[in-house]
Structure formats: C-alpha cells, structure tokens
Amino acid sequence: MDNKDTARTTAGRFGALMTPWLMLAPFLLAFLLFFVIPALQTLQLSFTDSGLTETHGYVGFANYVELLQDPSFWDSLLQTAYFALLTVIPLTALGLVMAMLICRLTRFAGLVQAIFFIPNILPIAVMAMIGGWMLHPTFGVVNLVAGTEIAWFNDPDFAMPMVAIATIWWTVGFNVLLFMAALKNIPQDLYEAARLDGASEWGIFRYITWRQLRPVTVMVFGLQLVASLKIFGQTYLLTGGGPFDSTKVVLHYMYETGFVNQNAGYASAIAVVFVLIVLLILVLQSLANRFINRRG
C-alpha cells in the first residue's frame, strides 16, 4: 500500500511538473523553428560571401569591416533615426492627448475611438495606397485644400516627413487604445480629492494623471521606438527608398543588398549589426527610465 501511494505521489508530482512544459511546447517549438534557427543561420551567413542561391567560402569579419566603412549603410541608419525622431515622440504624445480628450466625451466616445483605431487594422498596402491618394500632386486631398501641386514623395526634403505623417495616421489609434485603458484604471477618488483641495487642472494632470500613466507611457514609447526602427513597408511602398535615397532606411538597404544584389552574406552582416544597435538603444532607454523613476 505504501509503495502504491508513493508511486501515485511521484506520478502526480511528475505530471504537475510536466504539464506547464507540455503547454509551452508548441510555442517553444515555433520559437525555435522560426526565430532561433533562422537567427543562428543569419549569424553564420554573415561570416561568408554567400549569394542568394549559391554558397561561397568563409570570409571571417570581412563583411563587418566593409560594413563599418560603407557610407550607404550609415546613410540608411541616419534615415532610420530621422524617421524615428519624426514619429516616436509625436505618436506617444498624440496618443496620450487624444485618449484624454476622448475620455472627456460624454457621448459617442466609442465611435470616436473606433474612428481613430480603424486605420490601425488596415494592411500596410492599403495604408500606402490611401496615403498616395491623399498626397497625390494632382488630385490629392492635401494639395486640393492647400491649392498647390507639390509632389510630396518626389521631393527629398518632404518625402520622409510625409511618410512619417502617413505612419502617424496609420498607427496612432493603437496608442490611444492603450492610454484609454490606463486612464480608466485610475481611481476617480484621487481626482475628487484633488478638486476638493482646490487643485488646478494642470496640477491634477501633473501629480495624478501623469504619475499614474508613466509606466504605460514608457511602454508605448518603447513599442513605438522598436516599430519605428523596423520601418520598411511604408518607405518601400510609398517612395521606393527615393528620391535620391532620402527614404532608404536600414531594412530597405538590407533587402536591396540581399534580394536585389543577391549578396546574402553582406545582408546578413547588416542584419546582425542593426539588431545589436537596436538592442543597445533599448538598453540605454531602460537605464534612462530607471534613472528617471529613481529621481521621480
């Protein structure tokens, strides 16, 4: 009897231990097949001069040395940073402001929220088509309202800002949704107590709303930073990287190197270096957030 009880106890403990792993197994398998293995293969390719269809020899760090001296790579990195500068802060700030305004509505708040969120569910190809129509030099809405015929996407000075504006219109609805969820979780007692104490609207925002929203704001900022650094579809569809490479971002340059020029080894080196740069930026952002939280 004792042996049977011991066996049952052991089997129960083993089952309890294995159940979480069995539930995680499909995800872990997919993660291994679609992320870990391709990442390791990309790292391996970066040390070769392989083409898209043929495999060549090991070249060591030659691709990385060439990359560090490649002006086209640094130009594409600069354009990526420029796009992030044009989108990350505006998307975060606009999402917060719009969420606060919608939360003040007593009627049609859900309808207004849906209007802002609908563009976010559109495929990127549809977004690019709509953006191209709105900014068309002849019959675009922007030029019709302004009374001009500016070819926005053909001007090196305007192309990237226009891509940024189209991206903001496309994605700001998701940030509005996140901020609205956070605003609704703030206890209303805090606002009532502050108003009874005679606090101004600015004081209420600064000492209650902002402090309660700080974690969500950091999360939204981080998500937008990563999304902006990964930009490819917008510039590829709206401008093709032009004019004069003024919108050719890192992922566009990597795509062109790997699939157009069929230099898979060098494109893999671009991917590895860019991932390291993004990780470094995220680490620096995390350290800055910790410093701000300690000071705050």
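Glycine is treated like the rest: Cβ placed from N, Cα and C.
Unlike curated entries, TrEMBL annotations are predicted automatically.
Per TrEMBL, the features are:
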TRANSMEM  21-40  transmembrane segment
DOMAIN    77-285  domain 'ABC transmembrane type-1'
TRANSMEM  81-102  transmembrane segment
TRANSMEM  114-135  transmembrane segment
TRANSMEM  158-183  transmembrane segment
TRANSMEM  216-237  transmembrane segment
TRANSMEM  264-284  transmembrane segment
Beyond the flanks of the transmembrane segment (114-135) by 6 or more, those residues with Cβ under 8 Å of it: 98, 102, 141-143, 152-153, 162, 166, 169-174, 176-177, 233-234, 237-238
Cβ contacts the transmembrane segment (81-102)/the transmembrane segment (264-284), at least three under 8 Å, sequence gap 6 or more: no
